[in-house]
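S.K.: Encoded as structure tokens, here's the structure I'll be asking about.
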Amino acid sequence: MEGASMGPSEASVAMYNLKDAYSFWDVLNNSPVWQDRIFHALAALYGIVSIVALVQLIRIQQRVPEYGWTTQKVFHFLNFLVNGARCLTFIFRHDIQELTPEIYQHMLLDLPSLAFFTTYALLILFWAEIYYQARTVSTDGLRPAFFTINGIVYAIQIALWLIIWWKPINTLVILSKVFFAGVSLFAAFAFLLYGGRLFLMLKRFPVESKGRRKKLQEVGYVTTICFTCFLLRCIMMCFNAFNESANLDVLEHPVLSFIFYLLVEILPSSLVLFILRKLPPKRGIIQYHAIR
């Protein structure tokens with residue numbers, strides 16, 4: 001059939017374009033100038049998100065100073081810390097790359113990821129409490145479960161770091177990355193479970209109001225964003241573990257690192273902070289109780 005196959009000249013052009021694309025990718029990855037630009041851009045973006053979270057935390061504190069460390073305040077504070085730590089990581093990336101043994105580099109890269117998990121696990125806890133309180137089910141076990149799950153995750157990761165420090169073999173590094181991919185998958189499905197439950201509960205709520213519609217949209221958007229974010233992190237961490245060309249170490253693949261951190265941390269954090277930007281009422285909201 002005419003036009004069913006690619007002619008020699010078309011094939012040559014396609015191969016040339018593909019080769020040119022790989023060449024451009026290599027130029028960006030291997031150029032010190034482009035490395036600096038990419039990592040400075042990441043540092044700037046993380047710095048902006050960190051400042052936004054801090055400003056929002058201050059606004060919330062000024063609005064409801066009579067309450068202690070509410071879930072909302074802790075969530076914004078952790079966002080400030082996580083994004084601020086990432087910003088410093090990319091500012092001092094050259095110093096981090098020179099750290100020995102190499103496990104120190106892994107720790108400095110992975111600690112903000114663990115804190116990111118804790119930050120958004122706190123949001124899952126908040127939604128679970130709202131859901132069970134609305135159904136008049138006891139929530140006494142939720143906070144202990146939250147601290148227990150986080151404690152187990154941190155303990156396993158620290159144990160893996162210590163083992164890698166004692167015996168730095170590649171298999172253990174892969175195991176550490178696969179473990180965090182599993183943690184991300186767990187977080188993705190937790191968002192789907194409790195975000196979905198809360199969304200359906202609000203949808204069935206008999207009273208139609210502007211506040212209900214806005215809360216329904218808020219829960220739906222945040223659930224979709226966070227589920228997608230953690231699922232993407234899981235997939236990309238698996239590629240990172242088993243594919244050397246997908247290595248996400250700070251200076252190995254700057255373009256890939258930029259795409260990864262933009263998709264799984266910067267963009268989701270920015271969107272969630274924007275969606276949850278509404279300040280709480282000054283009085284009378286029972287869910288703003290102190291973190292114990």
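A Cβ is built for glycine as well, from the same backbone N, Cα and C atoms used for every other residue.
Straight from TrEMBL, here's the annotation block:
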| type | residues | note |
| --- | --- | --- |
| DOMAIN | 22-292 | domain 'THH1/TOM1/TOM3' |
| TRANSMEM | 38-58 | transmembrane segment |
| TRANSMEM | 74-93 | transmembrane segment |
| TRANSMEM | 113-132 | transmembrane segment |
| TRANSMEM | 144-166 | transmembrane segment |
| TRANSMEM | 178-200 | transmembrane segment |
| TRANSMEM | 221-242 | transmembrane segment |
| TRANSMEM | 254-276 | transmembrane segment |
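Are these features on the surface or tucked inside, and what are their neighbours?
M.R.: In the predicted model, residues of the domain 'THH1/TOM1/TOM3' (22-292) average a pLDDT of 86.
For the transmembrane segment (38-58), the residues of the chain that approach it from at least six positions outside its boundaries are 28, 73, 76-77, 79-80, 82-84, 86-88, 90-91, 93, 250, 254-255, 257-258, 261-262, 265-266, 269-270, 273, 277, judged by C-beta separation under 8 angstroms.
For the transmembrane segment (178-200), the residues of the chain that approach it from at least six positions outside its boundaries are 110, 113, 117, 120-121, 124, 127-128, 130-131, 153, 156-157, 160, 216, 219-220, 222-223, 226-227, 229-231, 233-235, 237-238, 241, judged by C-beta separation under 8 angstroms.
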S.K.: Would you kindly list the residues that approach the transmembrane segment (144-166) from elsewhere in its chain, counting only those six or more residues past its ends and only Cβ-Cβ distances under 8 Å?
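M.R.: Same-chain contacts beyond the ends: 101, 103, 106-107, 110, 114, 117-118, 121-122, 125, 172-173, 175-176, 179-180, 183.
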S.K.: Using Cβ atoms and a strict cutoff of less than 8 Å, what residues sit near the transmembrane segment (254-276) while being 6 or more residues removed from its termini?
M.R.: 25, 28-29, 34-35, 38-39, 41-42, 45-46, 49, 52-53, 56, 72, 75-76, 79, 82-83, 86, 116, 123, 218, 221-222, 225-226, 228-230, 232-233, 236, 246-248
